[in-house]
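If you check TrEMBL, you get these features:
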- 1-37: region 'Disordered' (REGION)
- 48-66: transmembrane segment (TRANSMEM)
- 78-100: transmembrane segment (TRANSMEM)
- 134-153: transmembrane segment (TRANSMEM)
- 165-182: transmembrane segment (TRANSMEM)
- 194-216: transmembrane segment (TRANSMEM)
- 236-256: transmembrane segment (TRANSMEM)
- 268-290: transmembrane segment (TRANSMEM)
- 319-345: transmembrane segment (TRANSMEM)
- 366-384: transmembrane segment (TRANSMEM)
- 396-414: transmembrane segment (TRANSMEM)
- 426-446: transmembrane segment (TRANSMEM)
- 452-472: transmembrane segment (TRANSMEM)
Amino acid sequence: MTRRSVNGEGTGVNNTTQNGGHPGDTPAPKVEPDAPNGKVELRKKVTLLRGISIIIGTIIGAGIFISPKGILKNSGSVGMSLVVWIACGVLSLFGALSYAELGTSIQKSGGHYTYILEAFGPQMAFIRLWADLIAIRPAGLAVISLAFGQYILEPIFMPCGVPEIAIKLATSIGITSVMYLNSMSTSWTNRIQIFLTFSKLLAIAIIIVPGLYMLFKGETKNFENAFEVSNIKLTGLPLAFYSGMYAYAGWFYLNFVTEEVENPEKTVPLAICISMAIVTFCYVLTNVAYYTVMSAEELLASQAVAVTFAGKMMGNFSVAVPVFVALSCFGSMNGCLFAFSRMFFVASREGHLPEVLSMIHVRRHTPLAAVLVLYPMTVFQLFVGDIYSLLNFMSFLRWLFIGVAVLGLIYMRYTRPDMPRPFKVPLFIPAIFSFTCFFMVFLSLYSDPVNTGIGFAISLTGIPAYYVFIVFDRRPKWLQDGLGNTLPTFRRHLLDITVKITHTTGIWTGLINLYKAVVQLKGLIGASVDH
């Protein structure tokens, strides 16, 4: 990594021989009339509907289909599990409202990274960025992608299980498709996100409507003694809350693209409140539908709760349910990548990542390099870990830094009292939520010390990395030589690769070129290490 000065708003590449371009490069197009100061920028294309689709589309993924078992198992009863679902929705709303204040008072993209940078300075923000780049984001994308791979193949292999290698191959295709889409067009990324959001709400409705119909017909035997004290496990409730908070995770992704939101002072809080109300409503009713049709024992024994439910209620039509669930997971993948590619873009603009990641494609107006940077690590984690290990490994770091960001809100109330705050929440809301985040961190240390210890150790490596790559002006000679020789070559090859990708005419041709691009980048990285 290098520390380079990047324009505060992020400009495009002007490929001329006078300013350092290479002969034969595609010249930069004429600047459009709506581009301020002659700059190529990320445009404000996120409306209220698109903001809602980003939040709902990333929250409702695999969580509602994976987490019900964890909540029921650790809460001990049907009634208490429903209470946990409602409570997790309220706690997530507290976090979302806190981020609404942060997003309207600090109108920069980047989410957690930007808020920690503003509150606690560059070192803490870089540690967060470092953990994101090498652990949290690749693991998070791999988790939801594995769920996509499993559910998209479920109808083909019914009633047999899906081979693991088939799941991972389907997952790789899904990840590559999402990368390609986000590289090509911001508008189409948002349009497809809206479509996928309505698809996943339809999938939820397919579960809720027949379940409530059976409930109104008097099918209530599974709710008898729902709050029986002897079944409630007080010691397991923290783990139940942990699973529930994972299912609601995703409410913060709109804050990653604040600079692209139209009228963020109104759009961000409104989108967050509408989205959280819809998601909580859907989650609680979905679980009521599950318990109406399935006993607690059947739910705990199921490997895919939604598929088991559909098989009992819909007969042959149940084949369609895994497809809807796969579309839901694909929407989460798409929304996540769209959001956190902007965090890497902002970090590069701040000088914490190589300058190439803050460059915008001059015609497509996408941060193409920032989109592609996660591809190799995501695929690597995909083939070396299972979904539950990745989930535990990722959650610890995620909640640690979200808690730090919300704590920064409280801190800035006292250190920067005059900061404009168009949307302001009562102080008890961020206080309760930050306490919840840190409680889940300590719970992770207790329940899964190995994965948590690995995650904690990885985050600590950000401290020496910050001083080596950012602070020290006099780096070791071998590091100076290595960075000086390899980074310009890396940047030039990456730009050449992206030009080849964006000139393709077909989706499959584009995917093939993207795969070749990753192979070339891996070769460059290997050459850098050998050097």
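Cβ coordinates come from backbone N, Cα and C, glycine included.
Here the transmembrane segment (165-182) touches the transmembrane segment (134-153). Their Cβ atoms form 3 or more pairs under 8 Å, with each pair 6 or more residues apart. Same-chain neighbours of the transmembrane segment (236-256): 46, 51, 54-55, 58-59, 61, 63-64, 66-67, 70-71, 73-76, 80-81, 84-85, 87-89, 91-93, 95-96, 99, 102-103, 109-112, 115, 268, 271-272, 275-276, 279-280, 283, 332, 335-336, 339-340, 342-343, 391, 395, 398-399, 402, 436, 439-440, 443-444, 447, counting only residues six or more beyond its ends whose CB sits under 8 Å from a CB of the stretch. The stretch from 134-153, 319-345, 452-472 with the most CB pairs below 8 A to the transmembrane segment (194-216) is 319-345. Remote same-chain residues near the transmembrane segment (78-100) are listed as 68, 71-72, 111, 222-223, 226-227, 232, 237, 240-241, 244-245, 247-249, 251-252, 255, 268-269, 272-273, 275-276, 279-280, 283-284, 287-288, 291, 296, 402, 405-406, 409, 423, 425, 429-430, 432-433, 436-437 (criterion: CB distance under 8 Å, separation of at least six residues from the stretch ends).
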